[in-house]
């Protein structure tokens, strides 16, 4: 059975998240329906990341098995036709080895969080960025963010319902960049805890407002106490931007799209 790797982008606003849920619209659900629509097969669409309700993606990766040997461009175009009118697009399809797994073969996941730092409401970026009206010091946020890099117990930034076996994660990147009113927070790690990125962003906002120092953020991390976390940032600003795989597998959703 041929195995295909799909690179997917989507607007998460109308969905109850990635994972199939009974009687709720999900990204995985509409992708599975699209596969069945053109192939007649009940294929499992296995994703690299289980994004929450309202979270977007520019570089989600999934894999599927199909009984028939289709050309990758045929799979892409057929899924495009069957995904309409949902705000989901399969932007690339590749044939991959049978042991490729979108989730377990991944060596790094890259997330982007978008903030628009202005008082006026958002007309074009509504539901696609977090509008923060109070002035933020992005430079202070970036300096503080570096205190979270490396291997730590991230219990402070972990959702109560997180099912991960351990709260320890290794954070490889957490950069805060400003251009005009736009603030972009880019973070990378092999994997993240449930709500970890949004929790870190919410805490960095306190630094940007001048309410916390870099030491305060480091102390919150060291406390390993969810009650020490800042307010969790909303889902609308978060994007799964890219997923990286070992060198023998082409990197998908290249970070230059972030």
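Heads up, residue numbers simply count up from 1 along the chain you see.
Cβ coordinates are placed from backbone N, Cα and C, and glycine is handled just like the others.
Taken from Swiss-Prot, the feature active site, nucleophile applies to 52, supported by sequence analysis. In the three-state DSSP scheme, residue 52 (active site, nucleophile) falls into the coil class.
Neighbour list (residue 111 (substrate binding site), Cβ cut-off 8 Å, at least 6 residues apart, same chain): 186, 187, 188, 192, 197, 238, 239, 240, 241. Under the heading substrate binding site, Swiss-Prot lists 111.
The Cβ of residue 52 (active site, nucleophile) has 12, 17, 18, 195, 235 as same-chain neighbours under 8 Å, each 6 or more residues away in sequence.
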